[in-house]
Amino acid sequence: MKGACILAWLFSSLGVWRLARPETQDPAKCQRAEHPVVSYKEIGPWLREFRAENAVDFSRLTFDPGQKELVVGARNYLFRLELEDLSLIQAVEWECDEATKKACYSKGKSKEECQNYIRVLLVGGDRLFTCGTNAFTPVCTIRSLSNLTEIHDQISGMARCPYSPQHNSTALLTASGELYAATAMDFPGRDPAIYRSLGTLPPLRTAQYNSKWLNEPNFVSSYDIGNFTYFFFRENAVEHDCGKTVFSRPARVCKNDIGGRFLLEDTWTTFMKARLNCSRPGEVPFYYNELQGTFFLPELDLIYGIFTTNVNSIASSAVCVFNLSAISQAFNGPFKYQENSRSAWLPYPNPNPNFQCGTMDQGLYVNLTERNLQDAQKFILMHEVVQPVTTVPSFMEDNSRFSHLAVDVVQGRETLVHIIYLGTDYGTIKKVRAPLSQSSGSCLLEEIELFPERRSEPIRSLQILHSQSVLFVGLQEHVAKIPLKRCHFHQTRSACIGAQDPYCGWDAVMKKCTSLEESLSMTQWDQSIPTCPTRNLTVDGSFGPWSPWTPCTHTDGTAVGSCLCRSRSCDRPAPQCGGWQCEGPRMEITNCSRNGGWTPWTSWSPCSTTCGIGFQVRQRSCSNPTPRHGGRVCVGQNREERYCNEHLLCPPHVFWTGWGPWERCTAQCGGGIQARRRTCENGPDCAGSNVEYHPCNTNACPELKKTTPWTPWTPVNISDNGGHYEQRFRYTCKARLPDPNLLEVGRQRIEMRYCSSDGTSGCSTDGLSGDFLRAGRYSAHTVNGAWSAWTSWSQCSRDCSRGIRNRKRVCNNPEPKFGGMPCLGPSLEFQECNILPCPVDGVWSCWSSWSKCSATCGGGHYMRTRSCSNPAPAYGGDICLGLHTEEALCNTQTCPESWSEWSDWSVCDASGTQVRARQCILLFPVGSQCSGNTTESRPCVFDSNFIPEVSVARSSSVEEKRCGEFNMFHMFHMMAVGLSSSILGCLLTLLVYTYCQRYQQQSHDATVIHPVSPAALNSSITNHINKLDKYDSVEAIKAFNKNNLILEERNKYFNPHLTGKTYSNAYFTDLNNYDEY
């Protein structure tokens, strides 16, 4: 660009800003006190998260007994996670089948609702009891905690799990195996109940469709405390006479309650409820009526609760703390009773003050609780209100709603401090220090953001693990783990002390912020927590995102071009309260159109020749500037040439001629040399050599061998028994030489023969030859060598399958001396041995799979086999030891009796036959159940000594007349009695038949809803639960189910010896929808 105006425009466009303080802002705004906020970016290094594809609604969290794993329940999934880093151990999909979903859709429910939402997740020993909504057909399973795919049992979820994912519920499992659940028991949610099932005690529930017991409750939590089981919930206040309002309540039942007798059968006789008060004191108190969550500290008998205002009022939340003794005091006080609907609610003395679940020892009501059954039916609501520990809530905040809480007890430098963690409906965790004394207040220490900026969602679950000081948060799409001790976040002493964090203090020895456990000395550990921390409101500015690229214009001298421009603002955030302005450009410019311009010419290049005519070159390029984005290209040539040295003549040319041919190699083999030559033309001053050499015929010469003829036989001065020896010689030489004449005599070969003196046997040369060096000489007294005797054969190298053995001899009998002949023949001899194959011992094959059990009940057996074929025994090897067949017992449980007892034998009929009958006691017999006849007959058996009665005929006419009169009278009498008996019998039969039909219908429906035999989640039997939908009115439901108890309450569903106290609260934070059902 050219010109001063263009340069100034460029500087302003690029936004070269100096660092400067912002303009003065409102001092009052910058001096307000706000609590510290830990952003998602700041908490990121400590945060651990778990996500799974297609898994949402992580609303159930619990720990294994060893506190090494986190068990998570989400929609259609169960997970096992490592506590350390939330890494996945096991994932199990638990989804509804298509038939159940279609049935759910047919009832008008959405695809989102017709899923399996996990709402009960309880750990007992090494088992996991879990229930899901299963598309409005709740079902429960008992699984192995170490392998979630291993299902031990499956039962109906009715009265244990809500039908709808929007219904609030709570459940706990006691040490004796009883399951206490508070939930809606029907599809539309009109029948809420507190229900006990499983275990050894009979099933009980709250009174059905009685608003004085439960009036549209929203269940929050439950706890097993002493002799009682406590439930916390909120409901429409039945005692409130003016309008409709919601009260929060504690309720309790005795764990040894077995229900009433004749009155309150199958119903709690110890159910009582009171009201919890959490309010802001004043001339007109401000009430927080709706309980949202609780947390129980068993060591201190304290129950923390979070309360909010009604959803239709201004959002406000509070935390109140209740002592268990205050709740017990309310239950020991008077009742609040209303005689009838037109009467007022009045206090009534408690007939059983300080009731501790005592039972009757004798009489008609033995084992029943001490409460009078009529009192238990009338007196439900307590008169006194449970007041919190302090008159002012421990913590209050307007314009927010809390949904979940957890409490940790921390040892500070001087005292124990209670830290409250509050989950909000917009996805943050507020860390609150409870009041240190009655006169002091609470402090909001910090607020932790679990999502990036401008994103939020409600918290689904909150669990604290005190042993590891860790907080686990269940959210819609993931699970988060937050460490409670983050002292290393504070780098300086002022930041550490100023944070007012009860977990942290400054260690003067280590010069860093540590927890009390990490400090080297408590006397050198400094902490100050009497005041509340405040947030530094100074905010440095930060740029927001760039705007999209847009066209803009620019001036280049007299030409106008186009560019692309974008800008950004210093508003994410804007500088506040003395913060620095943003550093960097606020505008960027790119892709500006530009006309091309020539660079200056380069210098002329050197002449292309040193003599004679040559040429020179100079160049320029269109890069000053280069044309861009549609700009004009340069006009003209980018290269110029000119002649040079046109008047400078060149001298004669001196040069080498070409190389001549290669001369003959100096050697035919073994490496020689070749040469070639050239000559210098037009003078003697050519650079370089005129001769060039290179090797040739480098291949090795062939091996030559030369042998001399034998010399004549010459006698040797050695005599033996009158004879003499003669010998002759010859020499052999070999080498790789190009000329055979270059060979020299090498190794000498000698032959000797023995000639007898008499000439009879001639001369013999057997074994008398050998090779000697040319320099070798013979002694005058040579001694020929002789072999010693063979040694014994050595041990065979193998015991079987063809081995080798050897034997030796030595040339020392005698040794050859003075040029004597050496021993001829081998000194070592080999022989094969043990050629038979090795024996093969038999080895068992692997066991086959266990066969199916031979019987389904009453004791059967499994069977598995193996064979001695891996390998089979051979060549005398041992056979396999052990059994080839194994059996094991199975299905040893007693077969269920399907027939009733046989009736007594009937009276003999006219044909002399007796009959007896039996009935099938199963409603739906399967397999071999109820096989056989329902009746059985046999001939009558008479006693041999029995004499039948014989009537003797009388001939007297008087007697005959008397008998006739007697018979006629008695005949009419007997006819009247028989007729009346028949009518009475028919009436009784009709009454018994009607009663049996009604009883059988109830048993049939209840059995269909809750089959006695465990069924699969997706079996057709569980689909019969939908029969409830044919009842459209409350009256019809009442007629269908008198007390709505489940028939399958048997101890087989959960082992009471493996369970501990476990709680599960199904509670949700969508406060705008919790009352929709």
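Cβ atoms here come from the backbone N, Cα and C positions, even for glycine.
Worth saying up front: this structure is predicted, and the values here are computed from it rather than measured.
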Quick test of reading the record: Swiss-Prot lists a disulfide for Cys496. Which of Cys487, Cys513 is on the other end? Cys513
Rounded to a whole angstrom, what is the C-alpha distance between Asn147 (N-linked glycosylation site) and Asn367 (N-linked glycosylation site)? 41
Least surrounded among the glycosylation sites, given as Asn323, Asn367, Asn591, Asn933, when other CB atoms within 10 Å are counted: Asn933
Consider the glycosylation sites Asn168, Asn227, Asn367, Asn933 and say which one has the Cα lying nearest the Cα of Asn591 (N-linked glycosylation site). Asn168
Relative to the Cα of Asn367 (N-linked glycosylation site), which of the glycosylation sites Asn227, Asn277, Asn933 has the closest Cα? Asn227
What is the interatomic distance between the Cα atoms of Asn227 (N-linked glycosylation site) and Asn323 (N-linked glycosylation site), given in whole Å? 17
As a test of reading the model: what is the averaged pLDDT for the domain 'TSP type-1 4' (707-765)? 73
Asn323 (N-linked glycosylation site) versus Asn277 (N-linked glycosylation site) - Cα distance in angstrom: 12
For the glycosylation sites Asn147, Asn168, the one whose C-beta sees the most other C-beta atoms within 10 angstroms: Asn168
Inter-residue C-alpha distance, Asn323 (N-linked glycosylation site) and Asn168 (N-linked glycosylation site) (nearest angstrom): 25
Please name the residue among the glycosylation sites Asn227, Asn277 whose C-beta has the most neighbouring C-beta atoms within 10 angstroms. Asn277
